């Protein structure tokens with residue numbers, strides 16, 4: 001994906017510290033205080049321009065949401081969307097998912113979304129895929145017991161790889177869809193990419209993957 005340079009993005013983000021959290025590590029284990037309330041915490045890695053997470057925050061005011069996006073030129077659009085919607089249950093981090101454990105305590109997150117991530121199709125880039133086992137290990141730490149991942153992609157190869165990765169890690173798969181928009185699944189909120197792909201008639205793949213409890217893993 002080629003990104004347009006927006007030299008003003010960094011300054012715009014810096015002027016909104018209540019929305020794009022600076023030094024997020026200081027809130028590790030205390031995100032409920034950052035939001036000013038106790039509520040389940042859902043995060044999206046690679047939040048892009050924020051259409052999905054803004055929609056989720058509108059539809060689920062009872063949930064606290066955090067979007068993680070490392071590219072400021074993209075994040076600034078998500079920030080403006082959230083500002084316009086006046087959402088108090090949505091915040092962003094201009095950070096890299098590699099550093100996830102620096103920002104969230106063990107078991108602090110209830111759900112994690114991965115939407116239309118870069119498929120990194122070459123074998124030598126496997127470790128960069130956000131469903132690679134090393135990333136799953138990070139997600140497992142920050143997610144609560146029985147926490148889950150909701151995953152969407154247009155890339156069949158990445159979807160098949162991810163199903164295998166989830167299963168090999170010992171996760172439980174739910175609601176696997178090979179054609180989301182022609183399924184009975186309700187409550188789907190589209191990302192920008194998803195809308196674009198859907199207009200072209202492309203299939204959207206979706207699944208939910210849940211980590212096993214220690215007891216469930218022991219009984220395997």
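Each residue, glycine too, has its Cβ placed from N, Cα and C.
When Swiss-Prot records 122, 191, 192, 193, 194 as binding substrate, the matching candidate from 18, 96, 154 it lists for that site is 154. In Swiss-Prot, the annotation region 'Interaction with RNA' applies to 124-129, one of the ranges 112-117, 124-129, 130-135, 136-141. When Cβ-Cβ distances below 8 Å are used as the criterion, the region 'Interaction with RNA' (124-129) is approached by residues 117-118, 135, 158, 161-162, 165 of the same chain, each at least six residues removed from its ends. Every protein chain considered, the tally of other Cβ atoms within 10 Å of the Cβ of residue 122 (substrate binding site) stands at 8. The DSSP breakdown of the region 'Interaction with RNA' (124-129) into helical (H, G, I), extended (E, B) and coil residues amounts to 5 helix, 0 strand, 1 coil. Contacts of residue 154 (substrate binding site) defined by a Cβ separation under 8 A and a same-chain sequence distance of 6+ are given as 116, 193, 194, 197, 202, 203, 204, 205, in order along the sequence. The two recorded residues residue 122 (substrate binding site) and residue 96 (S-adenosyl-L-methionine binding site) have their Cα atoms spaced 21 Å from each other. Packing around residue 193 (substrate binding site) is summarised by its Cβ count: 20 other Cβ atoms lie within 10 angstroms of its Cβ, all protein chains included.
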